[in-house]
Amino acid sequence: MFHLLVLLIIVTNSFPITELVEGTSTSNLKWEKQDSSPFNQQFSCDNGQLIGPFLGKVEMNIKKTITDLEPHYSLQITIDLLLTEYWSGISNYVNILLDSQTIYSDSSISSSNFNTPSNYCQTNAFFTFVYNQQLITIRQKIINQNISPTLEIQSSFQCTQLSTYTTCEKLLVKNIVITPFLCHFTCLTCNGPDKHHCLTCPQGIIQNGRCNCENGYYSFNYQCIQSCPQYYINQGQECRLNCSLNCQDCQGKQCRNCENGYILYNGSCVNSCPKGSSLQNDICVDYSDQSKFGSEFIGKYFDGLQIDLESQISEFTFTFNPLLSKLTGQIFSTFNNQYLLGGFGVWGDGYFNINYYGLPAHNKIRIYLTAWFIDNWTDEHIIVKLDNQIIYDIPYQSQKAINNLFYQSNNDYIEDIFLNVVHTSSSAQITFQTTLSISAYQASLALSNIYILIDYCDDNCDICINTQCTACKAPYQLIHNVCALCDSTNFRNSDCTCQIGYYDDNINQQCQKCRQECESCLDANICTYCKLGTNLITLPYCMNCNTGFYYDNGMCSKCDPSCLSCFGNGKSQCLSCYNDYVLNNNNECQTCMTNQFIYNNTCQDCQYNCETCNAPQNCLTCTIGRINAPFCICQTGYFESDTKQCQPCNFNCSSCEIQKDNCLICSGNRLNPPLCKCPSDSDQNDSYIWCTDCSIVNLDIKITNNIKKLIIKFGKQIKTINSYCPGLFEESTLHYLGINPICFVNSYSIEILLGQNATIYFGLSIHFKPNIIKLQQCQQSVSQFLNNILNYSTDLEAPLIIFSKNSVELSTCSNNYNPDTIYQIQTYNFGSNQITFIEWKLIRASQQDPKIIQLLDNLTNQFKNYNQTNKFEFLYHKLDMNNEILLELKYQNFLGIQGSSFITIKQLKNKLQLNVQTQKNKYLNSQLIQIFIQVSQCQEVLKNDDKFNISIIIGTLNKQVEVRQGEYYIYYIEPYMLNPGLQQLNIKVFYQENLQIEDNYQILIVNEGPLLQLMTETNYLSFSQKLVIHGEVKNLEQQNPLLKWDCFDITQNAECQTLNQTLLILSDSQNLTLQPYTLNPFTVYKFTASFLDLQQSVSITIVETNVPKIEYESYPKISDGFINYYDQLLFKFKYLEIVQNPDLLLYTGILSNSDLLIKHFRFNYLELQISLWHYFTIDELTNHMTLKINIHNPDYFLPSQVTIPLNINIPPLKCRINLDSQNASTISNFTIKVTNCQDDNIPLQYRLVLYYNDSDLNLDYSINTIQKGIILFDYQYSNIFETKLTGNEIIQLMVQVKDNLNGISNYTTSLNFTYVQGHLAKLNLNSGSITETLIYAASLQFEQISISQEISQILQKQIEYFSSCQCVTQKQLVTLKTLSKNHMSWKHYDIQNELSLQKERLSSIKQLLANQHLIEYYKYEHTLQELKKITLLEETVEIAKYINELYELNRVYQYQTRILIKDQDIQIKRTNNYIIMDSINLIADILLQNQIINGKLLNITTNSFKISTQKTTQKVLEYLISNSLTEPQVIGQEEQLDNKKPELETYSYKMVRYSTNPYNYDSYFTNNYAVQQDYPLYQPEIKYLSNQNLFQNIITAQGIRYNFENQDQNLIVECVAKVKESWSLDSCQTIQENKKIICQCQYISSTTILEAAQKIFDEAVDFFSLQTIHRMLKCQYQSIIFTYIVMIYTILFLWFILYGYKLDQTKNEDNLFHSTKVTPTDWDFATEKHGRIINIGETESEKQLATMDGNVIRRENPKKTIFNSNDSQITSDDKYLKRPSVDYYKKMLATKKSLAIATNICSERIMEENEPQLSPKSRTQNSPSVKIVTSPLSTPRMQYLNCQECLYEQYITQRITFGKAILFYIEINHKVLSLYYLYDKDCSRIYRTIILYVALLGEISILTFFGKIINFNSIIALSLLQTLFGVIYRKLLQVFLRSEKKFINYIGFNLVILSILFFLFMIFGSVAKYQSVLEASLWGVAYISSFILDYIVYTNFQILLCFSIIVKFGNSQTVKKYLKVFLNDKVFIQIFGNA
């Protein structure tokens, strides 16, 4: 019964028809609208989630005819329907029908009732977020027998006006599954599954519901056939499966051994183990057979689509919250050709129950299931219960959810669960539960592949009561209450009967042995059979002979073989004969002839028409040419002649009689027997059985010898038609022609170049589309195609595979990591289909060896396990020494034609291995050939530096080389050096002149095949433009061949017509030219050019207006070979239209593969840099891809377009990484092996990269550059890495696999790594291994150790070695230096040397990249240049990381010295910073070299700096600056903005942000790192690309804004920018917002911030401490210059105090600076009048004038103090009065910021402050006074003073030459300097001297105290401090020293003393803090230099400048006006007079 079930399944099984199933690829849709026009619209949700694909958006009634259904009686249908947008609920409906039978109907549908979230599938940007959607799952089972039913979807599709929007009802369709329930294979139609349910039959009539084929035919697969196919036998006119398909050894109905490629499963052969089983020992073992004691399935659920869904659903009970679960209306869902219990929208909370009752005795329940964790899980659980007890409770494991498998954006995962639980009850309840409590649209659970089994209690017990077995399973028996097997241990059979030769004594468990005469017996005496071999019979005692024997002297001897019984052993001593023999008169047994039969023990002749018979007229077999035994008549097409022979009929007769032309039935379509002529209106052709005319043709269909092309001959000339295959053939035929077949239409035939994976077969019917084929001279189309069957061709060639080697030499090495491998280099006669391997077969062996079987099994498994393979590996195989075997590999093509190849296997004896790698497919003769050769050993018999001599011979080339063992040698063969064909490569290896290894290889060289290319200027063309398509056939000797052109109207799905609606006829030509107004506008045409077997197409869209054309150039040239996955393709487009600004254009692109997977993107300029990895995964790559570029100009309705074909090199696929361990420490050795890589372009190379964590790996993946990883092994040819590893926790290993065309794939694996402290010391470092050195250096960061001399020496030694050996890549060397930086001793010279090296290398990289486009390379070799570019860019990034480390290293020394000390270290540090900045600029230039205009912003980020670069247009640059600097900017020079020039300028943009300021040691930027916090620095640069000029200014009010963080809000900071070569505080405005400092700058330059006054106070706190006293006590002041400067100042101070006091008392100034010489002359004649009135400056002439009134100067004598003279009166002896107002003039001429240099120490306005402000009390009667009185007599004098005595008039009225100007300047300067020292009783010399001395000390103290932080900030602060100090100090002295109260005078005196002491403490305390005497001395020299410059040079220069200004502009009233305000009145009068 089981075998019958298997037979039914195999014969009647039908896979469901599916469409739009989620999780699967979608083929072309074939839906139709109501008018039968196509509706193939697929829809993917706008939210980009993995939802769909859908059919839709459907807004009209649609239908589809289901094909490929086999005869069935019912259909199970499931569909997912999504109602979207707005459904009003008013008179609307949705109906789904199958053959007019309703399977779903709903009406009054309202969006208000929808429960599917609005964001489930975004279909409309507005309504998506307004209205919910409704996802409905439909399930229906209906009665249907139609094999081509029609599925219809109907709806109201109403539209509703909502506010300002109109929306229409739409629906989407997905997950269509139609499962047929099949008829019995004997039926054609039926109403049930059994053979008696037939309704119609494929042949004959139906009887009682059963179908039987006619005689000679057998039922098989709904047909009647004449013979059963392979593996089937005829049983009752039905083809029954004999044993199993693909069975090699059948025993009974069970298969014991399957054919190669198949696996044994339950007596049948399968391709792979079915669900519910697993592979064990190469056999599929069912779950029910995997228990030791036996098992039984009690349930199988949801394990595919081929299930009875209704019955399985009915077994589950679902308890749920209807608001959260079962939202789709069903408890199942569909995904990836799998029904799921629960799932998306179904199971968001609740549980499923399933119950079992009446279970047999068992002790365990096993549960297998697959759980699907979908979408937004957090920490919820999945729970499984058995009989309400929890047996499984596991929370959601987020670490497993690493991929988004389906639906929403969250990651998901799928997990297989196996439970084995003790259970003995006869009933069971199983519960599947989740703790989710959320909408099933947000998170859900699904189950599939649910298998539930029970395991019996032990091996043999059937019923268990407690521990006692009461009944045993058959075939066991309960013996003494114990079940035991009835087997040979008890001499029993399986049914517990005794074995032959034994009997049961009913006492013992064991059977007793019979006596020796018995073969079997009943007891000890009676035999039931006699002993075999004795030939004795006659029971019960066995005394007579057996038949065939005779008694001879007491023994039974054998008769002659011809006798049945005899009386002797002779042939003539027979007594009787066997059947079919006759006993003759001589007692002999004889046989009859083949045409005789036995009758009455005699031989009788058969009838003439019988070959054999058993009666005169009852034939068993017929003679040749006859059929239908026992009648044996002539076969169809023959007649029986008079001679009783079968003769053939005439060709026009299908059957005939008597004569060959006496037809009974006509052949073909001939009519009217017996003549069977063609009708009069048909072609009269006596050579064919078919009559043809215009509507009927007779086809001759054959396949070419290489089975690549199908040729259909019509026998007549046909009219020219379009060669588009889908337009010629029906879909049923296209299905068999493969993927994208190519058709060629000739005059008398149509040739079809079969597509990939074609499935044609002999006997296939070819169906043309109606009304397509027309014969020449005929108006009507051919409607009938006769003989449209593909006929078998006897001349087809057998398929053939050519391997890279015909012989394999097996190595004796046990660790052969590079096994000998043979590759397919060429295949013949397989078409475009895959190879079907049959078996490996041993032909011969020089000696027997059991290992041969293992070798054959392994080779067989290689194509069994992988289904397809293009190589065979001989790994770990050894044969007996010197053994040689010949193997045959059998295979077949898709037509079933077999072929074979032969391989010789030899076993080597030596311990050497020759590894030769060549490209495994063919080489082009124009290609550079590389052959990789390596000789290695598997035993340490040779040294590493031992060398081998290698001889290489190929063709006429011969090469002798010497290589070291283990090293690869690359043998290059230049292009065109070898002739096309199969070349033999011979390689011999010699060691010490002895031949060690010889091997031969085959290399296939081919010419470059012809390549057809079509080029058009644009894909969009106006119908008023001329269309020109250029055709070119490359690689062809024939010049300019003619092409055959076809045109197909894609819009109308018909042949092309002209604008006049006539058929478009295209002639053969090289180029296609169509004149304007030929084609129809708004139509898409497909033009196809054909040449030989080549065909190319181009689509042209005809529009109404002209569209500009696009031209392009690509770098590299895409026609020069293949494009790799990671290649950066650069396209430069030329838009053939005058466009003022390309920024106004819109640029879009479409990248698509052959599977029509489409990726859209936008770009911003006429340059495009694109890489496939941005848009496609490696698995999505196809060999041919297309890039479409659209450029949209706002002036045109349609965009311009150009289509660019891309040939893709698929990188290595399906590689696997095998690790030897998952938990280890640093000292462990790991073996990492990469296997199973699939690629055609070998040899492959492998690179190993280490990552410490996932984030570093993900970063490198995102930027496609190795920036964070450590390259342990650079590209090598070995796929084995033996290395140590390091890290902590989870580390990542990435293996990059590169093929011979430099296509790269990345494969990763993770490792749980625990680092153990101290392992570094145990690491035996191989000094020559860069890998071990990198591991050593990388491990240092995990070791808790400090820098040691030993480690530093080790690292230094390794770096020196690898720097000189040139055995590692530059990137690895720089990586090693970076890792070693913190564990080595550094000096500034070391840092500088390293920086110089890296700068030099960066310059070299920049030059290499700049020159790369100049390098000439062979065709197909541009990928090597791309790889070099990537390598150089990776090295650039690594150098940037190293420079970052050196920058930090250089910075740490900034705390150690004062900045103004110009010692050698500081100079080196400053130089280092400059080198760093230069290097970073080089890195930025390198990045810019490889960027396009408006490409992506590139960044390199380290701890110390971030580099950003981009080439931009003005628009993008404005956006870029806006984003990076937070404010939108207008870019462009001022004149450009004003003139509004239309030309587009392009720019290069660089921005480097340093985390610390690299200018700290710049001579223009003095900053001490020990005191001031180091702030970031921005260094932008924008250049014009046209001329490389700098763009410097931003023309906006805000300028560029830079952001800085200020953590301490108490600090005062200011922005500073570098303008050209100096730093400026004025170029930026400082804005403070909380902790953010904004620098708003107009100038594009380096910008940072600095702290101001705060540091001054910080330094003061540190200064006033006890430490300063200790330092002062230890200081050697005798060696410091400042000591002597202070001493000199103090001595001079004391001298001036004493001498000045004396002068003040005597008022004698004659001896001081000859002051009388510079005093105004008129002052000498000033006289004292009566009443103590003094006339100032009155001359003797004026004295004669009468004095009536005038200005009188009144002076009062204040009290006498030690600081002023006690002059009670001014006597007539005074020759002159001092005029203190001259000091104000001095102040105006020599203004000072420095307090120490202020020449005006008495800046009081004496007349205003002393005289007018004196209080009345101070004016005593005795006080002398001076009044200025006005008198008419004084007017002339005053005028004279106003005009003649003012300084300005003295010099302006004279003609001043340059010489005079110098003299005048000396004169006035002398006056000013002298006046300073003249006597002034209100500002005595003592007072002035004290102020000067204290000011000088104050200046020195400030200089010494704050000199350490002198910078731009501190200069500002010190200027403020000095000014404030001067003002306050003078005021204090005025108050205290000039007070009338002595107490206050003494306070002033003490203040002076304390100030002097305080300043002296600051001076000597600051000096004591200096680090050396040299530093203090240098500061002293700096002060003296400053003093000389300030007092002698700078002050005099100021006076001269002021003098020049007054002389030049003094006559200006405006100048005088402002000078009047600025100057003191006395000074102003002195200069300009009283006027």
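Quick reminder: no glycine exception, Cβ is built from N, Cα and C everywhere.
For 182-214 (among others), the entry in TrEMBL reads domain 'EGF-like'.
What TrEMBL lists as domain 'EGF-like' is 238-270 (among others). Distant neighbours of the domain 'EGF-like' (238-270): 3, 6-7, 10-11, 186, 218-220, 225, 228-229, 231-232, 277, 279, 282-284, 286, 837-840, 860, 863-864; these residues of the same chain sit at least 6 beyond its ends, with a Cβ under 8 Å from one of its Cβ atoms.
As annotated by TrEMBL, domain 'EGF-like' applies to 456-484 (among others).
Per-class residue totals from DSSP over the domain 'EGF-like' (517-557), listed helix then strand then coil: 0 helix, 19 strand, 22 coil. The domain 'EGF-like' feature in TrEMBL is assigned to 517-557 (among others).
Per TrEMBL, the feature domain 'EGF-like' maps to 558-590 (among others). Outside the domain 'EGF-like' (558-590) by six or more residues, the chain places 535, 547-550, 598, 601-603 with a CB less than 8 A from a CB of the stretch.
Looking at the domain 'EGF-like' (609-647) alone, the prediction's average pLDDT is 88. Annotation source TrEMBL lists domain 'EGF-like' at 609-647 (among others).
Long-range Cβ contacts of the domain 'EGF-like' (655-692) within its own chain (Cβ-Cβ under 8 Å, at least 6 residues beyond either end) map to 636-637, 639-640, 647-649, 698, 715-716, 786-787. The feature domain 'EGF-like' is assigned by TrEMBL to 655-692 (among others).
Residues or ranges marked as signal peptide in TrEMBL: 1-16.
Annotated transmembrane segment per TrEMBL: 1681-1701 (among others), in sequence order.
Feature annotation from TrEMBL assigns transmembrane segment to 1886-1906 (among others).
What TrEMBL records for 1912-1932 (among others) is transmembrane segment.
Per TrEMBL, transmembrane segment is recorded for 1944-1968 (among others).
Taken from TrEMBL, the feature transmembrane segment covers 1980-2007 (among others).
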Residues from the same chain, set at least six apart from the ends of the transmembrane segment (1681-1701), whose C-beta lies under 8 A from its own: 1884-1886, 1888-1890, 1893, 1896-1897, 1900, 1904, 1960, 1963-1964, 1967, 1976-1977, 1979-1981, 1983-1984
Counts of helix, strand and coil residues, the domain 'EGF-like' (182-214), according to DSSP: 3 helix, 10 strand, 20 coil
DSSP-derived helix, strand and coil totals, residue by residue, for the domain 'EGF-like' (655-692): 0 helix, 8 strand, 30 coil
For the domain 'EGF-like' (609-647), the number of residues DSSP places in helix, strand and coil: 0 helix, 20 strand, 19 coil
